[in-house]
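Pulled from TrEMBL:
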type     : residues : note
TRANSMEM : 6-22     : transmembrane segment
TRANSMEM : 34-59    : transmembrane segment
TRANSMEM : 65-85    : transmembrane segment
TRANSMEM : 97-118   : transmembrane segment
TRANSMEM : 130-152  : transmembrane segment
TRANSMEM : 164-184  : transmembrane segment
TRANSMEM : 190-214  : transmembrane segment
TRANSMEM : 255-273  : transmembrane segment
Amino acid sequence: MLEVALILLALSSMSSLGLELIPEQLSSISKTALTGLGVCFLNLISLPIIAFLLCRIFGLSPAISLGIFLCACSGGGASAGLFILKAKGAPGTGAVLLSLLNFTSLFTAPLLITLYSGSSFSEIGQSFSALPKLLGIGLLFFGLPLGIGLWIRRKQEEFSRKILPILLRISNISLGFSILYLGIKYGLEILEFGILIWIVLFLLIGISFTSGLYLFREKPEDRRSIGIVSGIRNLSLALLLAQEQSGDPKVLITILLYGFIMYLIAFPASVFWRRWKNVPI
């Protein structure tokens, strides 16, 4: 049931983002190259380093630390499309950055995990063994719905306006169900982890959602998109890498707990970014 809800969330979220793209936004996509480099640095280098340091400082167990590190390495979660719209971010910028992070993290995450685990680079092939599957998932649940939404917006604008509220409603229902399901099914296991993991996750996720504040030259609507895109991680990538690297149930539950807290924080983060207008640039 959880898998179905997350699939619906990804499909409806990315389709909604595609429906919001207009020609003016598409024409400005070429200007986001330098921004993309900064966002990749924040998401795929800085955030994993922060995650590593927080886990060491708070003395978390190796399995829990691995789960958190995997999430920090996995940028570009498809459900970010929903929260970009809620936060009144720039859909064009959000779509480009999501695509960039989603694709880049497929290659950087295995490298970072190899360094984290202390394995030699001769064993890196094991980390990349899931790459074909990940590329297929990215195309099916990320690129395809985004492209379909964009095509409908360009060819049937009136129809796109009618179905957008429906898709957003599906996204909200799927998200609410996912949070409720995670809380009920894994509640006892989550409580057994103790308070320290909650502190680390709230700190790490909070930092990721505020990353748009650190790119001072960007427009407010672009910085809203950056904050949301950075906060929503690619849990599918993290779970697949966890199965390849460890298979420890505690690692998998840690990733699910990350997702649970991430979605809880995403709502107030969207409200913060939607109301955020007057920060000096």
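Backbone N, Cα and C atoms are what each Cβ position is placed from, and that goes for glycine too.
Fewer than three CB pairs closer than 8 A are found between the transmembrane segment (130-152) and the transmembrane segment (34-59), and contact between the two stretches is not assigned (pairs 6 or more residues apart). Fewer than three CB pairs closer than 8 A are found between the transmembrane segment (34-59) and the transmembrane segment (6-22), and contact between the two stretches is not assigned (pairs 6 or more residues apart).
Remote same-chain residues near the transmembrane segment (97-118) are listed as 17, 32, 35-36, 39-40, 43-44, 48, 52, 66, 69-70, 73-76, 78, 80-81, 124, 127-128, 131, 134-135, 138, 142-143, 146, 225-226, 229, 234, 237, 241, 245 (criterion: CB distance under 8 Å, separation of at least six residues from the stretch ends).
Under 8 Å from some Cβ of the transmembrane segment (164-184) lie the Cβ atoms of residues 1-2, 5-6, 8-9, 12-13, 15-16, 19-20, 79, 82, 85, 256-257, 259-260, 263-264, all in the same chain and six or more residues away from its ends. Tertiary proximity for the transmembrane segment (255-273) is limited to same-chain residues at least six positions away from its ends with a CB under 8 Å from its CB atoms, namely 67-68, 70-71, 79, 83, 86-89, 175, 178-179, 182-183, 186, 190, 193, 197-198, 201-202, 205-206, 209, 212, 224, 227-228, 231-233, 235, 238-239, 242.
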